[in-house]
Amino acid sequence: MKTTKIVIASLVSLTMVSNPLLTFAATNDVIDNTTEITTDKETSSTQPTIKNTLKAGQTQSFNDWFPDDNFASEVAAAFEMQATDTISEEQLATLTSLDCHNSSITDMTGIEKLTGLTKLICTSNNITTLDLSQNTNLTYLACDSNKLTNLDVTPLTKLTYLNCDTNKLTKLDVSQNPLLTYLNCARNTLTEIDVSHNTQLTELDCHLNKKITKLDVTPQTQLTTLDCSFNKITELDVSQNKLLNRLNCDTNNITKLDLNQNIQLTFLDCSSNKLTEIDVTPLTQLTYFDCSVNPLTELDVSTLSKLTTLHCIQTDLLEIDLTHNTQLIYFQAEGCRKIKELDVTHNTQLYLLDCQAAGITELDLSQNPKLVYLYLNNTELTELDVSHNTKLKSLSCVNAHIQDFSSVGKIPALNNNFEAEGQTITMPKETLTNNSLTIAVSPDLLDQFGNPMNIEPGDGGVYDQATNTITWENLSTDNPAVTYTFTSENGAIVGTVTTPFEAPQPIKGEDVTVHYLDDKGEKLADDEVLSGNLDDPYTSSAKDIPDYTLTTTPDNATGTFTTTSQSVTYVYTKNIVAAEPVTVNYVDDTGKTLSPSEILNGNVGDTYNATAKQIDGYTLSAEPTNATGQFTSSAQTVNYIYTKNPAPEKGVVEIHYVDEDNKQLNSTTEISGTIGDNYTTEPKTIEGYTLTTTPGNATGTFTTGSQTVTYVYTKNIEAAEPITVNYVDANGKTLAPSETLNGNVGDTYKATAKQIDGYTLSAEPTNATGQFTSSAQTVNYIYTKNTNTDQPLPTKKPTNTTPTKPSNLKTTEVKKASDTLPKTGDSAPWKSALLGVFLSSTALVIWKKKK
């Protein structure tokens with residue numbers, strides 16, 4: 001601005017000399033213009049947010065467009081111009097790329113004029129605000145390492161690259177930037193980052209925000225690099241990020257990490273989380289792996305043949321197998337106290353080995369010729385041989401237990417990079433002789449050059465250099481150890497040797513056994529066994545035994561331990577005290593008495609034994625716990641509790657008595673009983689029959705359902721008395737010869753009637769059918785004589801036509817007509833004819849009279 005004013009003043013002066021009138025007019029114009037420019041600049045510097053108002057095509061200097069001189073210079077440089085040069089707004093809009101990083105810019109006002117920008121780098125300035133609302137063509141934005149508290153990139157829909165690392169952002173909205181492939185928002189104070197709309201992301205870095213608790217990257221299937229370390233994330237799902245080759249998720253609160261789908265990973269840092277297990281066997285491309293500061297107890301790296309770096313610091317690993325990791329260059333197991341063994345003989349490429357504070361007790365380094373850095377502080381190592389590690393530049397084995405360092409001197413590079421202070425050596429325990437102890441100094445105490453180290457006795461010991469021994473006098477077992485220190489000439493090696501000691505072991509005497517018996521020799525209390533050294537005194541003591549009184553104290557109650565076993569016996573007599581009774585009850589589960597109680601009596605301390613009873617219909621539920629015990633001064637009760645037996649289920653057996661034709665011979669018998677009980681059946685004696693078949697189930701067991709027992713009989717063959725069949729009239733007169741029927745007892749007989757002329761059978765006798773028996777039987781067929789049909793008819797008409805009841809007249813059976821034709825001269829036919837005529841005439845006369 002000052003330059004402009006000087007130029008104008010010079011022009012005015014020159015013009016006034018040559019043409020005073022013209023100069024005066026021009027000077028007024030120039031002064032007016034200068035005043036306007038000065039006013040605009042001052043206004044711009046005091047109010048940088050107010051835009052310059054120029055007409056199209058008008059120009060002004062970069063300093064006028066951009067109030068921050070540093071920013072103006074950077075923009076001018078982009079046009080290969082000076083900040084004092086003028087430029088139009090249209091020209092500013094043509095700039096496509098601007099790199100103004102590390103330029104001490106504090107104000108980016110004027111950036112809105114650079115509407116053509118596609119790439120902006122304003123890294124490492126002091127910018128607090130950045131308005132990019134007019135820079136919608138931006139595809140690349142790097143504004144990291146500033147002091148931005150807010151950044152609005154929603155208008156930048158073409159953005160593919162965004163780096164806002166190391167600012168003071170508390171939120172960031174990238175939902176309108178779907179083309180983003182790179183996003184770095186690390187080292188801010190974001191509490192969340194939503195990248196659900198940024199599916200084209202290949203790199204995402206949000207580490208060191210410290211407050212992000214959730215991160216969803218499942219939509220980012222193209223992601224190759226992810227760094228979300230130093231946050232508070234508890235869950236991380238990378239199963240959809242199959243192209244991932246670099247993952248930093250260390251220093252979070254992750255408890256589980258599934259990497260089965262991430263087989264392209266070459267770099268993995270999951271240290272400082274809460275992982276109890278992790279499976280990396282699918283990650284065969286892995287070259288860098290850090291799982292330090294996790295509570296891991298197991299780790300399988302056998303498939304990681306390309307691994308060059310492995311850190312498992314401060315884990316709970318019990319072991320680590322490195323035999324398959326032949327490309328390993330860096331290995332750290334610092335703080336792994338539970339690892340006791342480590343084999344690195346297959347790791348010939350090792351450059352750095354750090355086993356500080358590990359639990360290893362030995363280490364073979366003979367196959368590691370490329371080893372440069374070796375850290376073994378605070379280990380349990382007792383030996384160290386680095387003679388094959390000629391490239392070593394740094395060795396530290398402070399606070400170990402190593403005596404011989406002679407191999408270190410073979411590597412000149414270690415002379416000034418070697419630390420071995422604080423060695424502690426514990427020697428085997430020694431035995432005092434007359435309270436004195438002389439020990440030889442360990443011949444293995446050699447410095448790095450193979451020389452014996454300087455010895456300084458402690459605890460009042462005296463060192464004899466000629467014999468290389470140390471002697472201590474008047475030692476006490478109150479402090480049962482002596483020490484001496486060793487130091488190398490250059491002081492690089494310092495340590496202490498401790499030798500524990502003990503007094504001579506005394507000779508142990510044989511034990512003394514103390515017995516406690518009653519006057520019958522029965523044991524009343526547990527024996528006591530006294531032990532001690534030979535000739536030491538012993539003292540036994542009596543015991544207080546309830547209900548017993550000590551009656552005999554042995555002579556050897558006190559004495560000394562000897563070379564033979566001894567016995568001490570205290571004898572007691574039982575106190576006689578009548579005890580309260582023991583009542584034994586027999587009840588059901590409701591407390592109802594089932595049988596009279598029993599009362600047991602005795603003296604205190606005596607043993608009682610209660611017994612159960614057999615009670616019909618009941619079963620003892622359980623033996624009471626106090627069925628046996630001792631009488632005491634208090635009354636006791638023993639309860640036997642019974643359960644009522646359920647009603648037994650019955651079975652039925654039917655007994656049948658039949659002949660060979662299954663015909664019933666006697667009534668069926670039925671017996672019943674409890675299922676499971678035995679039954680016995682008996683056959684019956686049946687007259688006229690003999691038992692021929694006794695059934696197989698004549699005896700058996702009652703079962704559910706009905707059973708059938710069948711006895712089969714055969715009829716006896718016995719000639720019966722005859723049966724006489726008579727044919728008589730009512731007076732017993734024989735009308736026809738009798739018939740005699742014969743058969744066997746039990747057989748059936750059937751008598752038959754006869755046709756007797758002039759007689760009719762009155763009735764069938766009831767015993768016409770029956771059975772032969774051993775007694776004679778008679779069957780009588782009784783006949784009635786037929787009425788006589790040859791008597792003449794009465795000629796006199798009866799006067800009384802009412803029939804009278806016949807009296808007890810004997811009926812005469814009409815003689816049956818002959819079945820044969822009458823002979824010549826017989827008169828019977830005409831008599832019949834006359835009788836018919838007579839009857840017909842009589843009937844006709846009677847009929848007419850009635851008419």
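Glycine too: its Cβ is placed from the backbone N, Cα and C atoms.
According to Swiss-Prot, the feature domain 'MucBP 1' maps to 506-568.
Look at Swiss-Prot and you will find 576-638 tagged as domain 'MucBP 2'.
Under the heading domain 'MucBP 3', Swiss-Prot lists 647-709.
Over the domain 'MucBP 4' (717-779) the predicted model carries a mean pLDDT of 91. What Swiss-Prot lists as domain 'MucBP 4' is 717-779.
Look at the repeat 'LRR 4' (158-179): DSSP puts its residues at 0 helix, 3 strand, 19 coil. If you look up Swiss-Prot, you'll see 158-179 marked as repeat 'LRR 4', on the strength of experimental evidence.
As annotated by Swiss-Prot, repeat 'LRR 7' applies to 222-243, with the evidence given as experimental evidence.
For 244-263, the entry in Swiss-Prot reads repeat 'LRR 8', with the evidence type experimental evidence. Away from its own ends, the repeat 'LRR 8' (244-263) comes close to residues 207, 223-238, 269-276, 278-280, 282-285, 290 of its chain (Cβ-Cβ under 8 Å, at least six residues beyond either end).
Summarising the annotation, Swiss-Prot assigns repeat 'LRR 9' to 264-284 and lists experimental evidence as the type of evidence. Within the repeat 'LRR 9' (264-284), the DSSP-based counts of helix, strand and coil residues read 0 helix, 3 strand, 18 coil.
Secondary structure by DSSP for the repeat 'LRR 14' (380-402): 0 helix, 3 strand, 20 coil. The repeat 'LRR 14' annotation in Swiss-Prot covers 380-402, and the record cites experimental evidence as its basis.
For 1-25, the entry in Swiss-Prot reads signal peptide.
Counting residue by residue with DSSP, the repeat 'LRR 7' (222-243) contains 0 helix, 3 strand, 19 coil. Non-local neighbours of the repeat 'LRR 9' (264-284) in the same chain are 224, 229, 242-258, 290-306, 311, 313; each lies 6+ residues outside the stretch with a CB under 8 Å from one of its CB atoms.
For the repeat 'LRR 8' (244-263), the DSSP counts in helix, strand and coil order read 0 helix, 3 strand, 17 coil.
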